[in-house]
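Notes for the one structure printed next.
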Amino acid sequence: SVGFKAGVKDYKLTYYTPDYETKDTDILAAFRVTPQPGVPPEEAGAEVAAESSTGTWTTVWTDGLTSLDRYKGRCYHIEPVAGEENQYIAYVAYPLDLFEEGSVTNMFTSIVGNVFGFKALRALRLEDLRIPTAYTKTFQGPPHGIQVERDKLNKYGRPLLGCTIKPKLGLSAKNYGRAVYECLRGGLDFTKDDENVNSQPFMRWRDRFLFCAEAIYKAQAETGEIKGHYLNATAGTWEEMIKRAVFARELGVPIVMHDYLTGGFTANTSLAHYCRDNGLLLHIHRAMHAVIDRQKNHGMHFRVLAKALRLSGGDHIHAGTVVGKLEGEREITLGFVDLLRDDFIEKDRSRGIYFTQDWVSLPGVLPVASGGIHVWHMPALTEIFGDDSVLQFGGGTLGHPWGNAPGAVANRVALEACVQARNEGRDLAREGNEIIREASKWSPELAAACEVWKE
């Protein structure tokens, strides 16, 4: 017969291919699929593969003008999720040709663009992505990475210390700069703009940049250490964001900051390129991540957002604290912390890692632990995150009864004590409290902090 067979057909005829052998160049995705009652899992998995690649709801004559076999996504494996009713992990392979080189934006538009609103699915969550080396090589990645950052800052063998300046909204630029100076002077490596400090009526960005630069230079002169403040360059337009980054470079400061999810991947990648070309480090905040990753059965796991950030570019990214959370959470968090830092990560389902990932020497990203932590947590943080991390104590610095500088001193003393104890072979997990107590005997600032936040 002439023509083609019109009409609606089952996706699984075309897009469910359990005998498919994945290629090294395929982008692989693991989706957690919750089909509507009565929808077989194979059909649901095939729908996801179709709608995120070449498929549409009915047969179209223009299908004959291309080779579907070459361009279609394929659902190649489905497994039920243990302990969950009617929930499956569907593995989908996408041919590399479907994606624009060096564009996280395009990768996400394809893989998670349309398919999450599908009627046949009750819920859908992207759990992990395997980025093939051929695609990774089209990205610049982090502007500098862990090693270059250490060399720029001349700080080795320990985690870095930071602090978010509070109250986050309402301070004038001069008072803000003063708070920055005191923290850096006391012994922190970095201070940080809050994610929502951009350029508001009470503190315009240029004034803040100037006073923070003054604080940095003064603290550097007094301590003999290199200091930084994450100047938030996030803005309403891409041009304005770059304008702020240019001004930071002209001031000679070491690092700027971006909210990569609210600012968007396109803006983030542009900023990362600018930062590499101009020697600026780039700190990334993940504001809005919980909108995407909080639900267990729908959205995207943070490890996917973390992988995307490593491709798009950033030298630091917030990654949760682990401390005081559930034990299982700890393994999962450490899984994506390794995905950020290491060059090669083996598949390990107990840590939430669905695919072996080879980053082909793309620079690593420093994970930032931030939120509700204080000096008593220092041994655990040092043990869990190791040297390649940034530990950020906002309230844990500024909440010190004697002020910011003593708060910074307390944190630095606690950190140095933990690192020294670890290097001497002591067990931080078991002896942590004892190590902090010993150190507080010769540091009144630490003793006062220990008293305020005793558990």
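Residue 1 is the first one shown; counting continues down the chain.
Using N, Cα and C of the backbone, Cβ positions are placed for all residues, glycine too.
As given in Swiss-Prot:
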- Lys166: active site, proton acceptor (ACT_SITE)
- His285: active site, proton acceptor (ACT_SITE)
- Asn114, Thr164, Lys168, Arg286, His318, Ser370: substrate binding site (BINDING)
- Lys192, Asp194, Glu195: Mg(2+) binding site (BINDING)
- Lys5: N6,N6,N6-trimethyllysine (MOD_RES)
- Lys192: N6-carboxylysine (MOD_RES)
- Lys325: site 'Transition state stabilizer' (SITE)
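Across the annotated binding residues for substrate (Asn114, Thr164, Lys168, Arg286, His318, Ser370), the two most widely spaced Cα atoms sit 37 Å apart. Here the Cα atom of Lys192 (Mg(2+) binding site) is found 36 Å from that of Asn114 (substrate binding site). Cβ neighbours of Asn114 (substrate binding site) (same chain, under 8 Å, six or more residues apart in sequence): Glu51, Ser52. When Cβ neighbours within 10 Å are tallied across all protein chains shown, the highest count among the recorded positions Lys5, Lys166, His285, His318 belongs to His285. Candidates Lys166, Lys168, His285, Arg286, Ser370 (recorded positions) were compared with Glu195 (Mg(2+) binding site); those inside 10 Å Cα-Cα are Lys168, His285, Arg286. Looking only at other Cβ atoms within 10 Å, the busiest spot among the binding-site residues Asp194, Glu195 turns out to be Glu195. Sequence-distant neighbours of Thr164 (substrate binding site): residues of the same chain at least 6 apart with a C-beta under 8 Å from its C-beta are Thr191, Lys192, Asp193, Asp194, Ser370, Gln392, Gly394. One way to see the shell of the Mg(2+) site is to take the Cβ centroid of Lys192, Asp194, Glu195; the remaining same-chain residues with a Cβ within 8 Å of it are Thr164, Ile165, Lys168, Asp193, Asn196, Val197, Tyr230, Asn232, Met257, His285. Note: the CA-CA distance between Arg286 (substrate binding site) and Lys166 (active site, proton acceptor) rounds to 18 Å.
For the binding-site residues listed here (Lys168, Lys192, Arg286), the lowest count of other CB atoms within 10 A around the CB belongs to Lys168.
There are 21 other CB atoms within 10 A of the CB of Ser370 (substrate binding site), with all protein chains counted. His285 (active site, proton acceptor) sits 51 Å from the residue listed as 'N6,N6,N6-trimethyllysine', taking the Cα positions as reference.
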